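> Pasting the relevant annotations from Swiss-Prot:
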ACT_SITE  HIS54  active site
BINDING   TYR57, LYS96, ASP500, GLY537  ATP binding site
BINDING   GLU98, ASN538  Mg(2+) 1 binding site
BINDING   SER99, HIS100, ASN101, HIS102, ARG121, GLN245, GLU317, SER318, GLN319, SER540  substrate binding site
ACT_SITE  HIS100  active site, proton acceptor
BINDING   ASP122, ASP273  Mg(2+) 2 binding site
Amino acid sequence: MSLLLEPSAAMIKEQKLYREMGLTDEEFARIEAILGRLPNYTETGIFAVMWSEHCSYKNSKPVLKKFPTDGPHVLQGPGEGAGIVDIGDGLAVAFKIESHNHPSAIEPYQGAATGVGGIIRDVFSMGARPIALLNSLRFGELTSPRVKYLFEQVVAGIAGYGNCVGIPTVGGEVQFDPAYEGNPLVNAMCVGIIRHEDIQRGVATGVGNTVMYVGAKTGRDGIHGATFASEELSEQSEAKRPAVQVGDPFMEKLLLEACLEAVKSDALVGIQDMGAAGLTSSSAEMASKGGFGIEMNLDLVPQREAGMTPYEMMLSESQERMLLVVKQGCEDEIAAIFAKYGLEAKAIGKVTDDKMLRLLFRGEVAAEIPVDALAKDAPVYHKPSAEPAYYREFQAMPPYTPHIEDYNQTLLGLLAQPTIASKEWVYDQYDYMVRTNTVVAPGSDAAVVRIRGMNKALALTTDCNSRYLYLDPETGGKIAVAEAARNVICSGAKPLAITDCLNFGSPEKPEIFWQLEKAVDGMSEACRALGTPVVSGNVSLYNETNGEAVYPTPVVGMVGLIDDLSHITTQSFKQAGDLIYVIGEAKPEFGGSELQKWLEGRIFGKAPEIDLEVEASRQRQLLAAIRAGVVASAHDIAEGGLAVALAECVMGASGLGAKVTIGGDLVSELFSETQSRFVISVKKEHQEAFEQLVEAKRIGEVTGDGILTVNGEQGETVIRLSVDEMRNVWKGAIPCLLKSKD
């Protein structure tokens, strides 16, 4: 497209062309006031992407301020490529989760693949070596051909990119609900290890220092991707396929190694991934954070396609690109590092003292904008919020009481639900053992990755039960954080901090904004109670299809530290004769439960309650017992209740079964999703020591007969199922649904 074909500044205003880029009339007037003139086409595009929700968080910023972000171990909180937490011995862990929802709905393979690529770059831009990937996925019901296609392609995209770049995908979660039918959620998390002295930041400082472009050449892919991510999906979204980028994991691997070598050089001042809004966001954000300006000559930008305009170059979201600021005179040193990996590092500009983003093209100024107007001074909106009518209706409902006649069939039915069923079909496509540091592979409560050369490991998990959040966003927000911590504790780790990905509908709707506010309130309270500050994150709003929003889904990514490899614990029972305990009492809480969804085909009523003091106390007790060496296995009780938790504990163990006795209301005891509960197994010789450390109730013991037997108080058999039968149902559910032709 030639510059001559671009609309003039006057046309942009008169024909309100800025609206097509996502700017409102008020925002355009504000831009006019900032510049003291009408913006040209390139400048309008730059403002549009930088002021999109995706880049500016203009609708969510006031809510995000509620999160606790400080803690004794926090080295870098929100605002950089990734959060960083100290893990002792001069080492730290860098991690972040991000969404790639809209691109994955349109082009699922590349959408998911480039989501993985982007989050890896965020982590190594901090100077950290990525050691693990996780993902949190949401789809509609697996009975629909389109959902099957999206599911298969998203998983293939994640596997294709992660496996090629050589970083193990060690964990995550997949849930299926009709609310995600048209708008799947694809959240990717990356975790890296870094020495304290290698920590880098995305800043541009030092007048005269050189701005260098490294990595892949710029093409026309992904233009306005950030704006696309800030609007609802509709029938017309399919036409926006060009806004989805294409990834090259082999280029990423070279870029990763070159950048990690460059960060060790004193020549490097700052480094940032060209992510959403590409060259625009990386340059404007680095300059604004550093308190300087940047001038770039766009004729020098490496281009993949002929005749690209400043607008296209600045808004392209071509993958595998980084922007560096290098000390003046040291350009050759940095270029030599990248050349070693077959990559070009090209000087395209310099740091200035006037706090302006100035773009030159063919000898003329193509754009000139104050950097702070694009970054820290972007508009912030305080949206109205209103309690939804459905919430009041759910709160007023009497407690839901399920009726069960056949407990065996109920347990088998729950094990076949895709949200509970084995995700082996998914993680078998991931190389989760590459780099050989994975100690606990996918399928347990949390993945565990050891830190090479040390007697320490990291426990990693992603969690969020969005059904609870739909019923009650504040309670559901607390539960999301608490469950992540439970999973980390069950692995023998102390929870350190979280990263979050807030996936919600349109903030323009007061009921949706209320969900966001309440969820963040609940998460913040739980983070304070459990001592896990928020160190990084991402907001993804406008997750709607034809006006229907997804469930509120604030995914929590948590990292915990195992300070001695002997403390690593898994959920599978270990040997016959071990005693089985339950921590926590069951109440009749079935709102939003797997049982309610299976029996009624929908969810309603009140979410389970949670007492954060009780939660914190039980977690402390269990971790102390694990560290004392008196716990053989630990598993949190979540979807499907105690019955499903027991099944999972025996299905992971070869040839073992369990025999337990349950009193009280059997439906509640077995299937309620009451919070803050665990199933533990303990060797007989550790019984006394365990009971002194933990308040728990002994319910039975591990057997060697390969059968799960649950008896009532009167000795009657309530459940008797062979572990093989349960395992076949549990493992076969997802492959069976994918093969069925409906």
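Just so it is clear, glycine is given a Cβ too, placed from its N, Cα and C backbone atoms.
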> Could you state the CA-to-CA distance between GLU98 (Mg(2+) 1 binding site) and ASP122 (Mg(2+) 2 binding site) to the nearest Å?
10
> Can you give me the Cα-Cα distance between GLY537 (ATP binding site) and HIS54 (active site) in Å, rounded to a whole number?
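Answer for this pair: 12 Å between alpha carbons.
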> Using only C-alpha positions, which one of HIS54, TYR57, ASP122, ASP273, ASN538 is spatially nearest SER99 (substrate binding site)? These are the recorded positions in the record.
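Of all the candidates listed, ASN538 is nearest in space.
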> Pick the one among the binding-site residues GLU98, ASP122, ASP273, GLU317, ASP500 whose Cβ has the fewest other Cβ atoms within 10 Å in this structure.
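Each of the binding-site residues GLU98, ASP122, ASP273, GLU317, ASP500 was scored by Cβ atoms within 10 Å; lowest is GLU98.
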> Report, as a single number, how many Cβ atoms besides its own are within 10 Å of the Cβ of SER99 (substrate binding site).
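The Cβ of SER99 (substrate binding site) has 27 Cβ neighbours within 10 Å.
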> Which one is it, among the binding-site residues TYR57, ARG121, ASP122, ASP500, ASN538, that lies nearest to the residue listed as 'active site, proton acceptor' by Cα separation?
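Nearest by Cα distance to the residue listed as 'active site, proton acceptor': ASN538.
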> Using only C-alpha positions, which one of ARG121, GLU317, GLN319, ASN538 is spatially nearest ASP273 (Mg(2+) 2 binding site)? These are the binding-site residues in the record.
ARG121
> Around ASP500 (ATP binding site), which of the listed binding-site residues (ASN101, ARG121, ASP122, GLU317) come within 10 Å, judging by Cα atoms?
none
> Compare the Cα of GLN319 (substrate binding site) against each of the recorded positions HIS54, TYR57, LYS96, ASP122, ASN538 and report the nearest.
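Checked the recorded positions HIS54, TYR57, LYS96, ASP122, ASN538; minimum Cα distance to GLN319 (substrate binding site) goes to ASP122.
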> Could you say which of the binding-site residues ASN101, GLN319, ASN538 has its Cβ with the most other Cβ atoms inside 10 Å?
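Output for this query is GLN319.
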> Does DSSP put GLN319 (substrate binding site) in a helix, in a strand, or in coil?
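Coil, per DSSP.
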> Note down the number of other Cβ atoms within 10 Å of the Cβ of ARG121 (substrate binding site), including every protein chain shown.
27
> Rounded to a whole number, how many Å is the Cα of ASN101 (substrate binding site) away from the Cα of ASN538 (Mg(2+) 1 binding site)?
12
> Out of ARG121, ASP122, GLU317, ASN538, the binding-site residues in the record, which is closest to the residue listed as 'active site' when you go by Cα distance?
ASN538
> Max CA to CA distance in Å over the substrate-binding set SER99, HIS100, ASN101, HIS102, ARG121, GLN245, GLU317, SER318, GLN319, SER540?
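Output for substrate binders SER99, HIS100, ASN101, HIS102, ARG121, GLN245, GLU317, SER318, GLN319, SER540: max Cα distance 20 Å.
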> Out of ARG121, ASP122, ASN538, point to the one nearest TYR57 (ATP binding site) in space (Cα versus Cα); all of them are binding-site residues in the record.
ASN538
